[in-house]
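Listed features, source TrEMBL:
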- Cys42-Cys52: disulfide bond (DISULFID)
- Cys363-Cys373: disulfide bond (DISULFID)
- Cys473-Cys483: disulfide bond (DISULFID)
- 39-76: domain 'EGF-like' (DOMAIN)
- 86-124: domain 'EGF-like' (DOMAIN)
- 193-232: domain 'EGF-like' (DOMAIN)
- 301-339: domain 'EGF-like' (DOMAIN)
- 360-397: domain 'EGF-like' (DOMAIN)
- 411-449: domain 'EGF-like' (DOMAIN)
- 470-507: domain 'EGF-like' (DOMAIN)
Amino acid sequence: QAVCSCVPGYLGSPPACRPECVVSSECALNEACSNQKCTNPCPGTCGVGARCVVVNHNPICSCPSRYTGDPFVRCTPIPDTPPPPPVNPCQPSPCGPNAQCQVAGDSPSCSCLPEYKGSPPNCRPECVSNSECASHLACMNQKCRDPCPGTCGANAECRVVSHTPTCVCAIGYVGDPFSQCRPQQFEPLPQERPTPCSPSPCGANAVCKEQNRAGSCTCLADYVGNPYEGCRPECVLNTDCASNRACIRNKCQDPCPGTCGQNADCQVVNHLPSCTCRIGYTGDPFRYCNVQPPEPVVAEPGDPCNPSPCGPNSQCRQVNGQAVCSCLPTYIGSPPGCRPECVVSSECPQNRACVNQKCEDPCPGPCGLNTRCQVINHSPICSCRQGFTGDPFTRCYTIPPPVSAPPTPIVRDPCVPSPCGANSQCRDIGGSPSCSCLVNYMGSPPNCRPECTINSECASNRACMREKCRDPCPGSCGAGAQCNVINHTPVCTCPDGYTGDPFTNCYPKP
C-alpha cells in the first residue's frame, strides 16, 4: 500500500502539504516569515549596542537611553556634560570705561579707577583739554596743573595767561627767558637825544628797529605772537600742538623718528609716539620685531555645524560627521540662499500683499459690513456694495427709497473712498480716479513716501529733519566755530588759532 507523508519543513497532510508561511501575516506579530519559516527578525539586523523590538512583524532598531548614534551601525554612550564653570559677574565688565569691577557676593560692584571722577559707567578724567581747567592751569596728563614748573630758564618769571605759560626775564636781567636770563650790564652812555627804540616799545622776546624815525617791533627768531605785547615760542606744552605732533625744543614736531625698532610702525596718539610690530612680526616694537613663526596646525575633530556653513535663515544637522543644511520652516530656496517668501509687497502678485513675510490676501478684515474688497496694486480697497452707502471701513447700510422726489441718478465720486493710498491726493478725471503724491512726497501711489524718515536714508553729510535730508549744521555750533557733518551728526570744533567751547563761543588764542 502507498503511504504518504509531508516533506520535512512542511505542515498539514497529503495531499495538502504546505510551508509554515509564505507571508509575514501568517506568523505571530513578533515574528516574520523568512525562508517560509516564522522566525525572530531581530538577530543581525541592528548595530552594536542597539536594541531591537519587533512591531507588526518588522524589526525596529533604536539606541537605548543615554546612548546615541546610528542604531543600524553603532550606538555609543553620550559623554557626561561637565558642569558649567562658575559665572563671573565682572566678565564682561558692566562698569564702563575707566572703571573697575569687584565681585561682592554674586553681584558686580563698580567704582571709578583712581585719578578718575564721576560714577560708573561715566567715569572720566579730571580734564581732557585746557578749557576744562581754570585759566591759570593747563591740562597735563589729564590733570589740571600749573604749567610753569620747569618751563622757564634761570632768573626768569613765569605767568600763566589763558592756560599758556609765558616767561619773561626778571627786572634787571636780559636774555632768553626760556633758557637763561643774565644780569643787565649798565654802561654809562653819553647824554643823547631819546630814540624811538629807547625806551623800547616792544613786549617780551621782541626786538626794536628804528624805521623812519619810529620804532618797529618784531619777534625774535622762532617766536610768534604780537611783538608789541609779548612773543612766545611756537609751543611750551604738547597741548599747544596738534594731536599728531609733540612739543620738542619749543617746536611742534613729529615725535616718531628714531623712536621705534626695526620692522615696527609708529603712530602718534594724543602727542605720544605709539610703536606696534607690523603684521606677521612679533617682539618688542621699541627695539626689534622678529618674523612671527607660523602656528602649528592641529587637526582636531570638530562640530561640522559650528560655525554653520548653511548661511542665514537655515538650520544645520550633523549626519555621519557631515553637515546637512536645510531652510528653516516658512523660508524658501536652498542654503545658503534661504529667504522669506517676501519682504515688500512688490515681490508678491498684484492681488497679494506681503504680511509677516508671506504673500497673503490683504482683504479679510479691513472692510466693514455690506462692503466689497478689491486688491489693487497690493492694497485693499474697500467700497460699499451696489444699493448700499456709508463708510466702507465701518458699515454700509441700504440706500433709503426717495419719499416723493423723482429718482435722480446717483453720481458716484470715484475718489470716495480714495484708492490712492497714504500721502497721496485723488482727482476725478472723467469719472475715473487720478492719483498723485502730495507735495514734498516721492514715489508713486499707493506707495508715496517722504524723502526720509531716518538718518540712514540720507547721505552721510545730511540728517533727516522733518522728513527732509538737510544740513544739520545751521544753528548747531557757537560763534566763531566751524561745523563738519560726520555720519549725519554735526561736529563742532574751534578753528586753528581759536579756543573755547565750540558749542558756545570760540575766541582767538592769546
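Even glycines carry a Cβ here, placed using N, Cα and C.
Here the domain 'EGF-like' (411-449) lies next to the domain 'EGF-like' (360-397) in space: the count of CB pairs under 8 Å, restricted to residues six or more apart, reaches at least 3. Sorting the domain 'EGF-like' (193-232) by DSSP state (H, G, I as helix; E, B as strand; all else coil) yields 0 helix, 22 strand, 18 coil. DSSP gives Cys363 (disulfide bond) a coil state; it is part of no helix or strand. Cα spacing between Cys483 (disulfide bond) and Cys363 (disulfide bond): 51 Å, rounded to the nearest whole number. DSSP assigns Cys473 (disulfide bond) to coil in the three-state reduction, outside any helix or strand. Cα spacing between Cys52 (disulfide bond) and Cys363 (disulfide bond): 55 Å, rounded to the nearest whole number. When secondary structure is read from DSSP and collapsed to three states, Cys42 (disulfide bond) falls in the coil class. Looking at the domain 'EGF-like' (193-232) alone, the prediction's average pLDDT is 80. Here Cys473 (disulfide bond) is compared against the disulfide-bonded residues Cys42, Cys363, Cys373, and the shortest C-alpha distance is to Cys363.
When the alpha carbons of Cys373 (disulfide bond) and Cys42 (disulfide bond) are compared, the span between them is 63 angstrom. In this structure the C-alpha atoms belonging to Cys42 (disulfide bond) and Cys363 (disulfide bond) are separated by 58 Å. Take the CB of Cys473 (disulfide bond) and look out to 10 A: across all protein chains shown you find 16 other CB atoms.
With DSSP classes pooled into helix, strand and coil, the tally for the domain 'EGF-like' (86-124) is 0 helix, 15 strand, 24 coil.
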